[in-house]
């Protein structure tokens, strides 16, 4: 997020931060990452709609109703949101996020009370770390089990990068994008990690509610935690919050895929008709394509629909690891080109918190995640080992990325000679095109040394004005 924020503030590209990969690493890799990112969002939408239907079946009386009765109104709701463009997406996400934050804070308080044995209806008493010891385990299946969660964890974090898509649509990217990127750190630390830690403490891994028959298999761990404590009514309320969270992801799907595909098409990496934007800034053609993919939710109603969904989701499972790694590499290459051109880091309007070393660490972690998932794909827990079907179900995103890369590399060899090299030579990286006018005056090729020094001094003075209280306020604002 910090790398994306630095690049987005410097070069506010409309719709696709994967363009940074094209610019600073290799157009073929950027093409592959861009389309894989877009396709992952396209395929996740019908999955999220189907998941929402399963969540609805938690409530009594809904079992006899066909999922088609829920799929249709959910799709219509998403279409209505898209009619209002980026403003509609932002307003809906704001309302949904407020609900989710309130629920997360409430669960943190309740989770601590449950763990300490403070719920009268919970006959388990004080729990502590009971479920992390025999016969349970805090580290199921050892290292092998640890490797299996990379895909799930990366999928959970997908969407935090969406601020990079809205860079050019933001009124003041120099202010808003850094703020949004900093908020992600605190929100992940508090709302993701703390809540998951509490769930791990108060819900046993072998709870029958995880895999029970009928509607029991559709329970969320948060709902299970409240049910095990014997609390009435509240499980239904939290199930509604889970439904809201799922629809929030579906809303992000429509925004992420449409902006990415439109940007790819506008840069000559997709059919021209997909680049169309109406007077209100809405990529209507791509919105229609996204909604058509949403209709795949009906496929899950067929007898073998689950198999089709498995293969569709295999395209998106690992995508974000490839894309985050490639984006970190783009940031590394940008910093190298910036330095080679004789520029100082003091000229940057925003700098990633951990600099280029943070991007190197990000790249390393993503590579290790891909290696771990490759190992799991070859030797999955419970077998079968070295099975081609199992391997591609778990690792299809890898070969698919290579396929997309080769398509554009071969096409470039004949149609775009400038894109033939394996990577963009450092001396050929364009670090000036796309800068905002204010930045061109500071770092542009024709900028005067006097203006550059004055601007650097002004930014340094602005940073000095921030005291400890300002950072405390920033943390509170980021969380709330």
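Note: Cβ is positioned from N, Cα and C throughout, glycine not excepted.
Quick caveat, the model's predicted, so the values are computed rather than measured.
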Which listed span TrEMBL calls transmembrane segment, if the choices are 184-203, 264-283, 424-443, 444-463: 184-203
Range among 333-351, 390-408 that TrEMBL annotates as transmembrane segment: 390-408
Criterion met for the transmembrane segment (284-302) and the transmembrane segment (184-203) (at least three Cβ pairs under 8 Å): no
Positions on the same chain near the transmembrane segment (390-408), where near means CB under 8 A and six or more residues out: 27-29, 31-33, 35-36, 40, 151, 269, 310-311, 314-319, 322, 370, 373-374, 376-378, 380, 384, 419
For the transmembrane segment (184-203), distant same-chain residues with Cβ under 8 A (at least six beyond the ends): 1, 100-101, 104, 107-108, 111-112, 114-115, 127-129, 131-132, 138, 156-157, 160, 221-222, 224-225, 228-229, 475, 478-479
Proximity verdict for the transmembrane segment (308-332) and the transmembrane segment (35-56), three or more C-beta pairs under 8 Å: yes
Local confidence of the prediction over the domain 'Amino acid permease/ SLC12A' (1-414), expressed as mean pLDDT: 87
